[in-house]
Amino acid sequence: MKRNRTLSLIFHTAFMLFLLAPLVIVIIVSFTDKGFISYPSDGLSLRWYRAALDEPRIMESFWLSLKLAGFASTIAVCLAVPAALALTRFRFPGRDAISAFLMSPLMIPNVVLGVSFLRFFNIAGLSGSIFWLTMTHVIFIFPYSLRLVLASATGMDREVELAARSLGAGKRHMYGRIILPLILPGLVGGWLLSFIQSFDELTMTVFVATPGTTTLPVWMYNHIAQTIDPLITSVSAILIIATVIMMIIMDRLVGLDKVLIGKG
């Protein structure tokens, strides 16, 4: 038994190092004072962080990604609320099939989604529109929002709702003052997870983005294709730190167990 615990500890430690070591190295390299990527660095500098902030293309793509992720996440959560409540409160024919369909973007490779959207937009003449780019992200991130809202709706205490009804609460009051506050952690957690997924998405977006709708991950991909310098490590470090902060907030609000396994 003791040997098994030791082997388990060694395995989990090695696994965590395998995952975290590249991220830590990227952050360390981002502080280099040289004009090329070097590790270890002779000195620490904020040179490439200043360069990132002074680069207009980075800032334009950053703000576009921020707005795109914000709008797409908000739309996805608003759609996830009625879908989650319907799936958890009613039993109807085809319920499981509908649930599987709503979750299907998780099972389709992003490259397949990207090629499909590219072909559709070219045929329909819709390419280059920020609106349709937002809609593609909504389709992609909707299952993440639905998963978190479902977790909160499944674990909701229905007795509180029944008590409100018995006291004469109307539907509008009940949904606005009872149901939504009860599933609020799932709403916030679903929004944060969807935001992270949308902001970091590359594989699908690279197919449907145009020069006028270049997101930050797409800009990074194009930049790496031309040259690899510490500028890309500074941008990557900022994204890593921001993602970690949002994951911590999400863990505090809903718990990462609900995110990972859909625990109710």
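Cβ from N, Cα, C; glycine included.
So that you can see what the record holds, here are the features copied from TrEMBL:
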DOMAIN    62-250  domain 'ABC transmembrane type-1'
TRANSMEM  7-31  transmembrane segment
TRANSMEM  62-85  transmembrane segment
TRANSMEM  97-118  transmembrane segment
TRANSMEM  130-153  transmembrane segment
TRANSMEM  174-196  transmembrane segment
TRANSMEM  202-219  transmembrane segment
TRANSMEM  231-250  transmembrane segment
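Same-chain neighbours of the transmembrane segment (231-250): 23, 26-27, 29-30, 32, 37, 48-49, 51-52, 55, 58, 188-189, 192-193, 195-196, 199-200, 216, 220, 223-224, 256, 259, counting only residues six or more beyond its ends whose CB sits under 8 Å from a CB of the stretch. Long-range contacts of the transmembrane segment (97-118) within the same chain, counting only residues at least 6 positions beyond its ends with a Cβ under 8 Å from a Cβ of the stretch, are 83, 87, 127, 136, 139-140, 142-143, 146-147, 201, 203-208.
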